[in-house]
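Everything on this sheet refers to the single structure shown next.
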């Protein structure tokens with residue numbers, strides 16, 4: 001199965017293949033996609049460096065600068081490590097094909113596949129809608145304004161016809177920028193969903209051990225059959241652990257960047273929302289905050305699900321028919337239970353586990369700094 005044909009990851013992989021971020025890079029796609037977006041981000045930093053006085057303008061420019069810097073880093077990391085991503089996706093496609101043949105796990109696989117595809121497609125539509133808000137907002141404010149504040153040395157970007165040209169270019173670049181940012185979040189979410197499928201498959205295999213024990217006498221199976229099945233469960237458990245480790249290595253450092261940057265931007269946007277008195281600006285700030293929270297929540301919620309379900313592996317064994325097994329098999333089951341007490345975790349910068357508790361702490365810190373800013377401002 002080709003990676004773009006794998007249903008659970010196919011939506012995001014096709015977007016990346018279209019822009020040549022996977023497999024063989026094509027310079028023509030880079031010249032109309034990620035390279036102009038990276039140049040735009042440089043001009044955004046120049047604008048941010050030269051912005052003084054207007055607090056709302058500074059915060060909005062800072063938000064877009066950080067957002068575009070984040071998506072440029074995401075794409076750069078993807079392109080530089082594309083072989084690593086391709087190998088990971090090939091493993092997902094191969095395992096998906098095997099699980100699809102398993103009648104017991106197929107309903108779970110199909111349910112999570114539908115959920116993953118719906119999440120990927122809805123994220124793209126949400127990104128398109130928010131991006132449309134980005135580029136149309138300047139049309140509803142007095143005076144000339146660009147979707148993204150930029151400074152081009154030696155050029156007055158608000159003078160005719162430069163203003164019109166830059167505006168149209170920014171509208172165009174919003175599309176490839178959206179394709180650089182959204183699929184990475186969806187890739188992470190769908191891959192964690194696939195980890196949940198594998199954990200469910202392991203629990204089913206462990207549950208079948210009890211049925212083996214109960215039918216050994218009637219079918220003439222020896223303890224060797226049960227032992228061989230247990231060895232396969234051990235190997236599969238180790239495979240899932242390696243899968244989560246590989247996924248963590250692909251996202252952990254970018255999650256740290258988002259944790260630091262968007263935590264600060266959330267605080268700044270809340271502050272700007274509290275002092276804004278224009279309805280259009282308040283609506284736009286609300287959409288910015290919603291985008292930050294939705295993307296961050298997608299990361300932390302799915303990572304938390306993997307952690308909780310991996311802890312349930314030990315419960316699946318303990319609730320089985322392990323007292324009926326022979327002592328050598330019981331000892332190996334204890335090893336699996338002991339390993340399951342160390343949950344499979346995806347970490348922020350390989351330091352802190354990504355859990356809903358961690359997400360709540362991020363919100364608490366952002367809100368605390370917001371109240372401090374508000375008090376100082378008043």
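Residue positions begin at 1 at the first shown residue.
Every residue, even glycine, has its Cβ placed from backbone N, Cα and C.
For reference, Swiss-Prot has these:
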| type | residues | note |
| --- | --- | --- |
| TRANSMEM | 2-22 | transmembrane segment |
| TOPO_DOM | 23-29 | topological domain 'Extracellular' |
| TRANSMEM | 30-50 | transmembrane segment |
| TOPO_DOM | 51-59 | topological domain 'Cytoplasmic' |
| TRANSMEM | 60-80 | transmembrane segment |
| TOPO_DOM | 81-120 | topological domain 'Extracellular' |
| TRANSMEM | 121-141 | transmembrane segment |
| TOPO_DOM | 142-164 | topological domain 'Cytoplasmic' |
| TRANSMEM | 165-185 | transmembrane segment |
| TOPO_DOM | 186-254 | topological domain 'Extracellular' |
| TRANSMEM | 255-275 | transmembrane segment |
| TRANSMEM | 279-299 | transmembrane segment |
| TOPO_DOM | 300-378 | topological domain 'Extracellular' |
| CARBOHYD | 364 | N-linked glycosylation site |
**Asked** Same chain, outside the transmembrane segment (255-275) by at least 6, Cβ under 8 Å from its Cβ: which residues?
**Response** 55-56, 59-60, 62-63, 66, 69-70, 73, 282, 285-286, 288-289, 292-293, 295-296, 299, 346-349, 351, 354, 362-363, 365-367, 369-370, 373-374, 377
**Request:** Any chance you could find the range in 30-50, 60-80, 279-299 with the most Cβ pairs under 8 Å to the transmembrane segment (121-141)?
**Result:** 279-299
**Prompt:** Within 10 Å of the Cβ of the residue listed as 'N-linked glycosylation site', how many other Cβ atoms can be counted across all chains shown?
**Reply:** 10
**Item:** Sequence-remote partners of the transmembrane segment (60-80) [C-beta within less than 8 Å, at least six residues beyond its ends]
**Value:** 16, 21-22, 25, 34, 37-38, 40-41, 44-45, 47-48, 51, 134, 148-149, 177, 180-181, 184, 253-254, 257-258, 261-262, 265, 268-269, 272, 288
**Prompt:** What is the three-state DSSP composition of the topological domain 'Extracellular' (81-120), stated as helix, strand and coil residue counts?
**Reply:** 34 helix, 0 strand, 6 coil
**Helix, strand and coil totals (DSSP H, G, I; E, B; other) for the topological domain 'Extracellular' (300-378)** = 58 helix, 4 strand, 17 coil
**Complete:** Contact set of the topological domain 'Extracellular' (81-120) with the rest of its chain, CB cutoff 8 A exclusive, min separation 6+ beyond the ends, reads 1-3, 5-13, 21-23, 25, 183, 186, 189-191, 193-194, 196-198, 200-201, 204, 243, 246-247, 250, 298
**Message:** Six or more residues beyond either end and a Cβ under 8 Å away: which residues meet both conditions relative to the topological domain 'Cytoplasmic' (142-164)?
**Reply:** 40, 43-44, 46-51, 57, 60-61, 64, 68, 134-135, 170-171, 174
**Request:** Would you mind splitting the topological domain 'Cytoplasmic' (142-164) into helix, strand and coil residue counts from DSSP?
**Result:** 3 helix, 0 strand, 20 coil
**Asked** Cβ under 8 Å to the topological domain 'Extracellular' (23-29), counting only same-chain residues 6 or more beyond its ends: which ones?
**Response** 17, 79, 82, 86
**Request:** Quickly jot the same-chain residues contacting the topological domain 'Cytoplasmic' (51-59) by Cβ under 8 Å, restricted to those at least six beyond its ends, or write none.
**Result:** 149, 268-269, 271-272, 275-276, 281
